[in-house]
């Protein structure tokens, strides 16, 4: 399959993704006979189809960001939800007129009560803040390896959530409401990005996701990306070859974090309301599960994993009580039979095969 | 920050912390044993503990336990609970190893795959016991079981809590004594088992160098099974003490406790049995102090902050990794 694909002429290889992208944008109106049953609103007590698509797109973006950290650089980050939360809270705290931070700024600078930072400024701010927090977390902790890193990042995620719950300036357990979207604070006047129809939201999310896919892909094939792979395979060998492991690991953390922040910001804008319960450890673990289940290291794989784990529970709502059970069983089965994930990265699949052969050789 | 409150009752808080930390330490042993031998974090261990709490609950209900102050009856109930918990948890740990981990070990999969599998196993176990909880909370008259649903299940009281004696102005209750004594006794037992017996020598050998141990005739698979069962038994003991102390359980009881116990194991030096004891007790005390200082809002943050600070200065924990090096 892969070989034949690479032999096709250039225009055919460009046409297929183009068609795929057009199909992605068409999805909210999906009405092709036979495919209709894919829609979630066909299910009993089903939810809004475009809304589900939006969530899928946001989580795919999360998975692509986490893939940089886990799949490419090989750093196990169990606190990724922390970055997602920082992105969401940045838009909330600086963009909403209800937020304590905005109110404080209004008082200090004598601004009118309707003043708040515009959405267009909140997004770059969210990205900047998450990137900084990625560096702050990575700086002291990236010297740790493997499982130690996992527990420290998990602690980081929990710290973010508990700080959000217990501080007054984040709204505490009540959270923040009236989070703005591209058209400003949520209200009846928002024609395009309103509360009723999530289709434009989905298009926005999918556009952002596609742009960042291209950007991440370029990064993956650059000098930085190759350094990540080298560090993932063998940090000591990479260091001998002159790769500065720490520097590139920090880069991976910062870039992964800013993708997480971007998706968190989108999520908060669409929801218009967030509170600390949105950012629990279970979500963080689901993120890692998306990446590994889909195929760590392969961008299509992780996006597929994210969509699967978001979409299937929504489509099969009538089996509500069985959902988590089924997901658990599915994870175990996939991992045992396909340890490299459903759509594995070619390089990683080869590595895993090598390891399996070594194991057989060692047991003889 | 309420420092007066803390220093006024420092002895009491330390004791509370120790009795909390003893349970962490027992669970932490399961993480540490498996890590020491397989270099692998068994993230499903928290659910091994959870299964234990349900087994203890079932046994005590079946025995018709009532709050009593007679020492013999307390001992009988505790030992019965301990056996039930150890059997259930040990069995669960063994089953997890056989069903989920062994196929992965045969493929020499990277640790990330083990982690995700463990998460899957945890979800499955939690869901199963979520249904058990719904069944336990069902209304006898056949009405909707929703009011309590999966929230919580009460455990029969074994011991009526009372103050046994005072150290300074710190009150020592009978439950505290049972928890700390039982936990330390189990840990000493495990330490002797690992360091003095033939089977324990096998565990240490595999921890030190699996290939050489295999050449010397140690059955690696059997050692790994033994390690999972031992960890499970310790978790079962912890489950009994937890039920005794708090009197409730629920399907996700293992989640936070597991994280704390894992933190304790890392704090003391994962792979080091005595480190798990030290880490567990320390973590318990730190948490109780932090809870007093901040009206319990920030106790979970304190645990993680301590962990990060310790790891920054001692990357392998307080006592270092050493299951293999113990008496090497």
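We count from 1, first residue shown onward.
Here the Cβ of each residue, glycine as well, is placed from N, Cα and C on the backbone.
Unlike curated entries, TrEMBL annotations are predicted automatically.
Record features (TrEMBL):
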TRANSMEM  B:22-41  transmembrane segment
TRANSMEM  B:48-68  transmembrane segment
TRANSMEM  B:74-100  transmembrane segment
TRANSMEM  B:112-136  transmembrane segment
TRANSMEM  B:175-194  transmembrane segment
TRANSMEM  B:223-241  transmembrane segment
TRANSMEM  B:301-320  transmembrane segment
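When each of the listed stretches B:48-68, B:112-136, B:175-194, B:301-320 is scored by C-beta pairs under 8 angstroms to the transmembrane segment (B:74-100), B:48-68 comes out highest. Counting Cβ pairs closer than 8 Å to the transmembrane segment (B:112-136), the top stretch among B:48-68, B:175-194, B:223-241 is B:48-68. Looking at which of B:48-68, B:175-194, B:223-241, B:301-320 has the most CB pairs under 8 Å to the transmembrane segment (B:22-41), the answer is the stretch B:223-241. Here the transmembrane segment (B:175-194) has long-range neighbours at 15-16, 18-19, 22-23, 25-26, 29, 74, 78, 82, 159, 161, 164, 200, 203-204, 230, 234, 237-238, 240-241, 244-245, 273-274, 277, 323, 326, meaning same-chain residues at least 6 beyond its ends whose C-beta is under 8 angstroms from one of its own.
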